[in-house]
Structure formats: structure tokens, C-alpha cells
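So that you can see what the record holds, here are the features copied from Swiss-Prot:
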DOMAIN    7-121  domain 'MTTase N-terminal'
BINDING   CYS16, CYS52, CYS84  [4Fe-4S] cluster 1 binding site
DOMAIN    144-374  domain 'Radical SAM core'
BINDING   CYS158, CYS162, CYS165  [4Fe-4S] cluster 2 binding site
DOMAIN    377-443  domain 'TRAM'
Amino acid sequence: MGAVSGKTFYIETFGCQMNAHDSEKVVGTLLAEGYEQVATPEAAELVFYNTCSIRDKAEQKVFNRLQNFKREGMKGKIFGVLGCVAQQEGEKIFDRAPHVSLVAGSASYTRLPEMLVQLEAGNRRVTGLSLDTEETFDTPFTRRDNPHRAYLTIIEGCDKACAYCVVPFTRGPERSRTSESVMAEARGLTEKGYTEVQLLGQNVNSYRDPSPAGWDFATLLAKVAEIPGMRRVRYTTSHPRDFVRPIVDAMDANEAICDHIHLPVQSGSSKVLAAMDRLYTRDEYLRRIDWIKSAKRRYSLTTDIIIGFPGETDADFEQTLDLLDEVQYDSLFSFKYSPRPNTSALAMEDRIPEEEKQRRLLTLQEKQRAIQIRRNAEMIGSIQEVLVEGRNQALGQWIGRTTCNRTLNFSHPDTNGNELVGKYLPVRVTRSGPNSLVGESAALV
């Protein structure tokens, strides 16, 4: 393609698993073209930021980082902004950060070598912002960060248009990958030694196979879990509107599908949910929770909650706190509402004062912390299978993840090297905290 071999690059990733996987595609694509990845921006000739725009704080972090580099006088480097902020802001990024030379959205990663050649040829600024492509599904050079767990994208974009969310604008409409393509990549991963796969999408539940097979998400999930050598299958993220009973049935029927369901509720108030354009009520959400809790297996439940959406009253907030008591989530991600461009909520009045949003957020987090302490304590004495991920050198322990997505630090007679990484071990839980478990190996390797 004409790219200059030997160019060094650094990439920093902000945001979700989708962004992390996108960065893996960027790294693999550039390595295949002869570029060399380095560990620090100071050592790189090309500096990329793969960005998140879901909240204003994440966006500002990127621009602050760019300004710091400008002040530090890192001359001679090429700076590139990738991902959701790139898609959202486009060429306006050049005005906010004039030393940036490249702006590329999430559907343009395979074009990066070509764009870099344009910069080498003398173009001062290059953009890649088209969403009219499915090329991100088929990036053959993906360089995965983890040798045992792999991300696998099954759907891109979102059609839901929630009032607060910029994702439909930055990621485009829903585009499902063919089941044949998904299955081929999943089989290829197991053949390379990967034992855990996480199916990714802005809304995995709305997956619809565009090929004649016509699989829905529940069918795809079951088929991936049946692949020989596939030990664990996870998925994220789900939209409650599209979370249907057959998904739970598929999980019950195949133990390779992990005991964890992330089902973002956003609010416990039906009034706020309607204002958010979430397309379900509190009762409809709780009906799905009933499906999960009445299943054959015990599933870990996690969620997302937005605090301080315009018009949220004290009574609305109390309904959200009440929902925590009713559902008993194993953990949650909570955020203050952040106005985003190109969203309908941007024009809403009755904004909640920042100090009140902060008070509500802390109240919510305090309640959830108590629930998590209790939920984790219930696991003391149980034996959990963990996939060993590494070592906690400071504590002299190993770190693993359970099928229910809890972090478990544990002791084991093998205290040297990394011989256990990638193995599945039974671990007895002996202690617990609000965010993790502690245990000891229940069997020698």
C-alpha cells in the first residue's frame, strides 16, 4: 500500500469493550503494514487516541491529553483522533486541537494505512468519517491483547435513539454480521487456543442474521457456545426491550454460556424511562428480571443507571433506589446525566442542579455498596471456577474471573512465573469485599 515501514505508533483507548476491540483491530492493521507499536507516546512517531463520547467527561479527557502534549512540545509527531469523538466532532477537532492531523471514525480503521500514506505525501489533514461500510466486521489482522479471552463483534450501531445517547450518531444504524462469518471467526479463535469469547454489540439482543439462515441472537448465542473447545461465552450489551425469554432458555441449556447478565435499566421510574425513550416501563423490565430469577441456573445481574436526567424528581429517584432493593444487583455502573450533542435530551428543560445530581449519585452508590457486600458474602464457602488472568504481585496472589464475572484473588502453591495464566481452576471463596472475592485453590494443578 506504500506505507513507510518502521514508523512507530502508540495507541491509548478510552471507553467500552467495543473501543478496546476496535483498538485491537487498529494495532493489527498497522502491524501488518510494517508499523511498530511502542509502549509510550514519547517513543512514538504516531500517537493515536481511540475515543469515547458517551459522556462529556470522557470527551474532555481526550482533549486535555492533546493539550498537554501540545504544551510539552512533542514536535514532529503525527496525532490522530479515532473512534466516537472523531465521528461526533469530525473536522471541528482540527479547530480545537490544531496539531491533530488525522481524524477517523470507527468504520474507517482498515483505511488507516492509506490515510497515513496521504499524510506522508504532504496532506496536512486527513479524515475518514463515513459510516456506510461493514469493513470493521472483517479485519483479518486483529492483534488481540489477551491470549485466552477474545472479543468478537456481531453487530454494529444502534437503532434505539435513546434521548440521552449519542451512539446512534457515532456508530450509525444497526448492521448485523452474517452468522456464517461469526461462526467462522469463533471457530478460528478456539483453534488458536482461545477458550473464552465475548460477543459484542451496542445492542447484541437485536442481532438479526442477514443471511438466509435468519438466526436471532438466542440461536447465535447457543451455536457459538456449542463450538468444540469453547469453554466460556459472554455477551454485552443488552437492551431490555430486545431481551427475550429464549435468551434465558439458551443460557440455561448450555453451561458454556456464563452465569452473568448485564441488563441496563437506567432508571427505576417509568416516567423517567419514557422521557429517556427507553421503550419499556419499570414493570416490563421487572418481568425480564423475573425470567432470569426463575431460570434453572443462578445468574449474576448487573446494570447501568443514569442519575439526574432532566425532570427526575425526588420521587423518581426514590423509585430507582427501591428498584435496587427489589432486584439486588451484584454490581452496577452509575453515572450523572451528561448532555450530549445530537441527542433529543439536549433541548430538555428542568435540568437537575449539579450538586443534587452528585448527592443522588453518592446515595445510590452507598446503597449499592451495602447490597454488594451482602451479595459477595453469600459466596463465602462456595467453590468457583476461575479463568486465571495473572498475578497480584503486591499480595502474592493470583487473579481470576468467575463465570459470574466476579474478580477472585486467590492463593496457590505455585507462586512463581505465569504457569497458571489461562488455566481454569476451582477456588474456594474464603473472604469477600464490596468489589471482589478472596480465596484459596481447591485443587492442585
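Every residue, even glycine, has its Cβ placed from backbone N, Cα and C.
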CYS158 ([4Fe-4S] cluster 2 binding site) to CYS84 ([4Fe-4S] cluster 1 binding site) - Cα separation in whole Å:
13
DSSP-derived helix, strand and coil totals, residue by residue, for the domain 'TRAM' (377-443):
1 helix, 35 strand, 31 coil
For the binding-site residues CYS84, CYS162, which Cβ has the most other Cβ atoms within 10 Å, all shown protein chains included?
CYS84
List the residues in the vicinity of the [4Fe-4S] cluster 2 site, defined as same-chain residues other than CYS158, CYS162, CYS165 with C-beta within 8 angstroms of the site's C-beta centre.
LYS160, ALA161, TYR164, VAL166, VAL167, PRO168, GLN202
Please state whether DSSP places CYS84 ([4Fe-4S] cluster 1 binding site) in a helix, a strand or coil.
helix
In terms of DSSP three-state secondary structure, what is the assignment for CYS16 ([4Fe-4S] cluster 1 binding site)?
coil
Return the residues near CYS165 ([4Fe-4S] cluster 2 binding site) by Cβ distance under 8 Å, restricted to its own chain and a separation of at least 6 in sequence.
ILE54, CYS158, ARG340, THR343
Please report the Cα separation of CYS162 ([4Fe-4S] cluster 2 binding site) and CYS84 ([4Fe-4S] cluster 1 binding site) in Å, rounded to an integer.
17
With DSSP as the yardstick, break the domain 'MTTase N-terminal' (7-121) down into helix, strand and coil residue counts.
58 helix, 25 strand, 32 coil
Which residues does CYS16 ([4Fe-4S] cluster 1 binding site) neighbour through Cβ under 8 Å, counting only same-chain ones at least six apart?
CYS52, ILE54, THR237
Excluding CYS16, CYS52, CYS84 themselves, which residues in that chain have a Cβ inside 8 Å of the centre of the Cβ atoms defining the [4Fe-4S] cluster 1 site?
PHE14, GLY15, MET18, ASN19, THR51, SER53, ILE54, ALA58, GLY83, THR170
